[in-house]
Every structure is written in C-alpha cells, then in structure tokens.
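Enquirer: Just passing along the structure, written as structure tokens.
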There are 2 protein chains.
Amino acid sequence: MSPVKSIRLALLGCGVVGTEVVRLLHEQADDLTARIGAPLELVGIAVRRPGRERGDLPVDASLFTTDALGLVKRDDVDVVIEVVGGIEPARTWLVEALRAGKSVITANKALLAEDGGALHDAAAEGGSDLYYEASVAGAIPLLRPLRESLHGDRVTAVTGIVNGTTNFILSSMASTGAGFNEALEEATELGYAEADPTADVEGFDAAAKAAILASLAFHTRVTAADVFREGMTGVTAGDMASAREMGCTIKLLCIAQRTAESVSVRVHPAMIPLSHPLASVGDAFNAVFVETEAAGPLMFYGRGAGGRPTASAVLGDIVAAARNRLTGTRAPSESNYASLTVRPIGESMTRYHISLDVAEKPGVLATVAGVFAQHEVSIATVRQSGRADDAKLVIVTHSAPDAALAATVEALSKLDIVRSIASVLRVEGTPS
Amino acid sequence: MSPVKSIRLALLGCGVVGTEVVRLLHEQADDLTARIGAPLELVGIAVRRPGRERGDLPVDASLFTTDALGLVKRDDVDVVIEVVGGIEPARTWLVEALRAGKSVITANKALLAEDGGALHDAAAEGGSDLYYEASVAGAIPLLRPLRESLHGDRVTAVTGIVNGTTNFILSSMASTGAGFNEALEEATELGYAEADPTADVEGFDAAAKAAILASLAFHTRVTAADVFREGMTGVTAGDMASAREMGCTIKLLCIAQRTAESVSVRVHPAMIPLSHPLASVGDAFNAVFVETEAAGPLMFYGRGAGGRPTASAVLGDIVAAARNRLTGTRAPSESNYASLTVRPIGESMTRYHISLDVAEKPGVLATVAGVFAQHEVSIATVRQSGRADDAKLVIVTHSAPDAALAATVEALSKLDIVRSIASVLRVEGTPS
C-alpha cells in the first residue's frame, strides 16, 4: 500500500476506448504512480449491461454499475472519465461532475462541439479541470499544444485531416482509381468504416472536430452549427483523375481561418497540391496543419482513431488531472476572450475547380468566361478538351468569395451550351 | 492601467531570438494580457554592449544593462528568459534564478544537455518552473507533448531531424546531386549555415537535442556525453545516388530507443526509405517521429530555427510560467524516476549499407560473405557491378549489434581483395 492517498477514477462507458483505458491503467500502473506521485484507483465503471462478457479485462466485476449518475455523485470519486459519446445523458453527468469540483476527461466531440460552453461554464463554476485531448485526432497531442504551447503566438489557420474513415476512402480512390462506393466497401470490410458511415462521409464528425479546434485556436466559442459542412460522397474517380492531372489530390479537410475580426470554419472535400504536407497523409492517419504568425507552419501527425491510440490520449489527460489534484492546481481555463464573429461560408475566400460538359460550338469559352466576369470571379486556368460529342471545359479560378463562386456555377448551369456541370471542387493549399 | 499586478520579465541576451521575443511581447501585448489575466512587463535586458544600435526595437534604452547577475537577483523579477547560450555564465545565472524561486525559460540546448541536472535540481530546491520548449526543434511544440501529453503512454523510440542546417544540405544534395562542399557553400550563402558550421555538420547540435529528448521520453537523465555522435561531412554524392537506387534518402538523424532496462541515444547520417514520413521533410524544416506503445507513430513538424519561430516557443513558455505564478502553481517537475542505463553504441542494433571497391576475381563474394558470417552479421541484399578495373559490391545487412558491424568493416578493410571501402552508412526506418 502506498502511504499517499490514491486518486480515484470513475469510468463512464466501457466500449472500444473504455476497455483500452482499463487495460492501460493496469499495464502501466507502476509508471503512472511514479509519474503522478500517487496511485490511480478505478472505483467504478458505468455501463449499460454490467453482466456482459468482458473477456480478460483486469478489473473486479463488482466495479460495474448501471447507475452512472450515482457513480458521478460519489464523494470518493476525484476524476470522471467519459467515453460514452452523444449529447445526453453525457452532458448531465459531466455538468454534475464539474460543478461538484471533480476533474473531467472526455472524448465526446459531439457534446463539446454542440454545447462545450455548458461544460466550460460548469468547470468554471466548480473550479474544476476539463480535459478533452482524445476528442480530436485521437492519439495526436494537438489540443494541449493549441491550448498552451501556442498561447504566445497568433494562430491564423488550422487545416486538418481529422477523419480517418474518409481519409482511408480518399487515399484508396487516389491510389487504385476506385470510385467512392467501391472504396467505401473496402473500408467497411477492413473495419475502417461503420455500418452506417453517414457521420464520417457526410462530414459531421469532422465538423464537430473543426468547431473544437477553431474554439481553441481563435479564443472564441465556435459550435458545430457555425461550421459549413459538405460531405465527400460526391467525389468521383473522375475528380480524382482530374486532381492528379493538376498535380493535386483530394482530401476531406476541416479548415478554420481567421482575419482581424472574424473566423470562418468549414469542412468539405478539396484539391490540395501533392507538395502540401497534408497530401501524403495516407491510410486512416490524421494530420493537422497549423499556421501561426510567428512559428510558421506546423504539422501534427498520427493515428486519429482506434481504441488504444485514443486511450493513450485519455491517459495523458488523467495524469495531468491527477497531478493537478495532488498539487491543488488547475489546467488553464477556457480562453474565449477574443469572441470573434463567425463568417458565413459565402464570405469565405476560396478557389473553385469546375468541370463542365459543353456543346462543341464556336464561342463557348467566350460565353462561359463572360459568366465568370459578370460575377467578378477571375479565372486562373482553362483547359478545353474537345470531341464533337463530348467537349469539356475545366476551369480553375483565383480566390473569390464563395458566394460569388456559387452564383457563377448557378448561372453556368442555366446556359444552353452547358450540358452538365460534371464537378465543382474547392482548391486549397495553394497561393491564389 | 490594469488593476492586476503585472508579471515582471528579465531577458538575458538580445540577439536574433531575444530581439524577436521583445517584438512579440510588444505586438501581442493585448492578447497576452487577456490569455494570462495580467500584463507582462519587461523590466530589464542583459546584453554585452548596451550602447549598440538596435534599430526600432520597441523598448526604452534604460532597460539595457551589462549586469546580468544583478538583473537576475532583482527582487521584482518574476521570470528570467535566457537566450544567450553556452554553459557559463548562463548556468550560474539560471541556477541563481531558480534557487531564488524565479521561473526560468531557456533556449539553451548546450547547457541543458551538458548539465540539465543542475538546473532541474535548482528548480526543485527553489520550487521554481523550468521551461525550455525552444531548446529543441525551435517552434515545434514538442517538449510539452513529451513532458505532459504522453505521460499516460510509454515512448519506445524518438527519431528526429533536429538540425535545419544539415537537413538543408542533405535535401539539396538529394535534389540536385551536389556534393557536400557545394551544398554547404549554398547553405552558407543563403544564411542556413554559420561561418563555422562545425556544431551543425559534426552533429554536436543534434546530439545536445538528442540528450534532451531522450531525457524527457524515457524519464532518465541523459547528457550529451551519453550520445554517440557521427557527423555528416562524409556523406558523398555517390552515397546519395546509391540511397536513391535503394528507394531511400539520407538524413542526419537523432535516434533514441528504449528496451526494458536501457536506452540508446545516437546521432549519425542514415538511409531511410522514401516512404518514411521523415524522408519528405525538406529544406531547413525539422520533424520528430515518436513511437509509443499505445498511441502508435506520431510526427511533429515545423521550423526548427530562426528568430521568430524560436521566439514563438519562448512566448508560449512565458505564458505558461506567468499563469502558474498568478495561480500559485507549478509545471510538472523533472521526471527521472526510470533511471535507465545508457547502452554504448556497440550494443545498438542497426543495419549497415556498405559499398566496397573490390578486385574483379572469382570468389570475391564468397570471401566477403565469409567475413560477415564470421562476425555473425546476416546479409540482406548484395549487388555486384563489375567492370574489369572497377568492380563494386554493395551490401545491406540485417539488424545486428553495431560493434559486430564495425568489426566486420574493420576485417573487410584488411582483405587484399578489398581495394577500398567506399562508404558505410547505417540504415534506419525499415524492418530488419
């Protein structure tokens, strides 16, 4: 027995991540005790089905309970770890814990993005620590650098690949020439995509993470509702081939940018040049590219998901929270002093790559170019490939307000000479 | 005027980094005050020549002093920032400051690697904060993740490109086919290499950083004297071409690895496969690849040098130290509980790429292979290219103790049929 009082942990949820948290607490117990200066003790695990077979999980069966709220309220619990997910009842549990002065570790990106303010307010009320490294980009130490290391600098942009499922699909489309459905099927077979992949492929997961990153980077509360979101189900094998011809690839990006008085936060597929550090992030890996005024470009790379990598991030937070409790100190509290306005997508400055099927007639390019000029969108490059029955125009614009670009595409679709708009993709990571 | 007491800073050194620290403190004053909750106030700058012209530096000339020790001892100084470098008198100043309970921020890698223990001991004695994010990989938030985020995990290896000068030279050799001297000349002209490049090209700078990284990663005091060091001046255009033929490039790496009971720390040029994330780190950029038991591979990428990027890291530490002073808390103290043994280089397991000029005779390969077998070094691949007057053998080994490999090379050099050993390079980043 250690002479030092132990730090007592309550775990809410024991699925893929929770199981690995339990295992790591067990495997690394001696190291954790040495690093913290006191032992960690798991005093309860809230689950829906306590009787479920849990193989060789190294804990006593008596720790399991279905009464999560009761566990959270126990006087002898110091740190509450939530790996259940979803808005309710997680929010109720965590607000309760924080108000009561307990430290909270959560991987719940949906809750943080939807109503992180409720958690931060409860933490301020209770004088409690709120850590959530595992909520974005799994194992990658990313939030602590943003929350602490870069606080002497000004972040101007964060561009990230924060969803492993869609990165696996797009990497596979890029390397094999497969279409979206085929690549999704492969991802599902290999366990990279869930049975219902909507949250991933429609960008909801990435949008939640974008809100969390933007809040930290810009000292401003940003919620999922502030994030413009476009999924990647419309990316075709033809788009990928077209990207390759331009020396680019296509990634589902979360992009948060700031100007003097406002920020814009969006998630959508985009072409990026192969020379960009994010372009070579393959497989189900995550990476986040951070631009600052003084430090210049930074990139953080690693596994964004998986039970054990995510549990590593949770454990790092547990060590920090436990140390704080022992020394009677607190993590830096929420920094939202900047309170910048979130700009609508229409005001974001972007570039478009537009591919049109057009009639093979003289004057087509002049007419099309006229539409761009009318909307004050400047064209960077045009490629025409013409066969009598299948003429194509591929146009890349200079940077322009997204609303002007959208209006241009809308006007083009109404021209008789435009048979169809084969694809519209934003282009990122290059000078305008 | 703020009603809150300001945090008072003393700056030791006002060269490239110090100047940028002063500028950032000025430019970002409002943001820093908001993030910290109190204003920062620069109360003194110790320099050798206070009368020197400092252009438009936004500080009062009265702040400059030559009496660094006197400045450190002032009762009204809260935080001491050292950007002078070198062992003495920096060590005396910082030990004095830490013992007196002042927070210390330093970018001094040489001092930390040579006698970091003296600083950590003084910090423990004074109950003071010691931060040194800027000492390794400049702007990249790397030490805080190692020191805090990964404390719930076990780091097994750290492999880094931590010297921008040599990475610029090697990247240039790889892309242009230039030799070392030509690439060094270009680096000097562009300001990437100093007039005396010894510390960079001979690996002293990288070795100091390797000691700091290994200490943090393995919870063990490692000094520069523990680090095996081999410079990169011997890397030839031929080596680079040979690397390319093998699908590799050559980088100057710092490598820290742990086994159950010991660590090995070394700096040397090595071939790595082009598919390794470190291979595409070009120009003067730095990147550090961290492998852990639970999180899997992680990479941190950014600018490793330059006044402004380095100053960004210093400012991040200033914010952390200032917050701690306001809330009466401390940074995590030194973690050296593991006290692992540092293995000599001879016991490191590595792979060698050996290029031999040999006599064109029957039986040469059999003789050479016999020497490897005698030293229990297993050969992975052999390529022979023969002209009557210039026969070549290129051999890549499997993983073996470095001492056995060195003895093999020694024995080969004594064979009559070996005209010369054209090059010996370690191979990293691939399975053995």
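Quick reminder: no glycine exception, Cβ is built from N, Cα and C everywhere.
Feature table excerpt (TrEMBL):
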ACT_SITE  A:K209  active site, proton donor
BINDING   A:L12, A:G13, A:C14, A:G15, A:V16, A:V17, A:G18, A:T19  NADP(+) binding site
BINDING   A:K109  NADPH binding site
BINDING   A:E194  L-homoserine binding site
DOMAIN    A:353-426  domain 'ACT'
Enquirer: Which of the binding-site residues A:C14, A:G15, A:T19, A:K109, A:E194 has its Cα closest in space to the Cα of A:K209 (active site, proton donor)?
Expert: A:K109
Enquirer: Would you report the average pLDDT that the model assigns to the domain 'ACT' (A:353-426)?
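Expert: It averages 91.
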Enquirer: Output, ordered by sequence, the same-chain residues six or more apart from A:G15 (NADP(+) binding site) with a CB under 8 Å from its CB, or 'none'.
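Expert: In sequence order, A:V83, A:V84 meet the Cβ cut-off.
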Enquirer: Would you mind ranking the binding-site residues A:C14, A:V16, A:V17 by how many other Cβ atoms sit within 10 Å of each Cβ and giving me the lowest?
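Expert: Counting other Cβ atoms within 10 Å of each of the binding-site residues A:C14, A:V16, A:V17 gives the minimum at A:V16.
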Enquirer: Where A:G18 (NADP(+) binding site) and A:K109 (NADPH binding site) are concerned, what is their Cα separation in Å, rounded?
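Expert: About 15 Å separates the two Cα atoms.
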Enquirer: On the three-state reduction of DSSP, what should I expect for A:K209 (active site, proton donor)?
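Expert: Once the DSSP labels are grouped into three classes, A:K209 (active site, proton donor) ends up as helix.
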Enquirer: Reduced to three states, what secondary structure does DSSP give A:L12 (NADP(+) binding site)?
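Expert: Once the DSSP labels are grouped into three classes, A:L12 (NADP(+) binding site) ends up as strand.
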Enquirer: Other residues with Cβ within 8 Å of the Cβ centroid of A:L12, A:G13, A:C14, A:G15, A:V16, A:V17, A:G18, A:T19 at the NADP(+) site?
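Expert: Those within range, site residues removed, are A:L11, A:E20, A:V21, A:V83, A:V84.
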Enquirer: Report, in whole Å, the straight Cα-to-Cα distance of A:G13 (NADP(+) binding site) from the residue listed as 'L-homoserine binding site'.
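Expert: About 19 Å separates the two Cα atoms.
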Enquirer: Since the record lists A:G13, A:G18 as binding-site residues, which of them has the fewest other Cβ atoms within 10 Å of its Cβ?
Expert: A:G13
Enquirer: What's the number of neighbouring CB atoms sitting within 10 A of the CB on A:K109 (NADPH binding site)?
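Expert: For A:K109 (NADPH binding site), the 10 Å Cβ neighbour count is 25.
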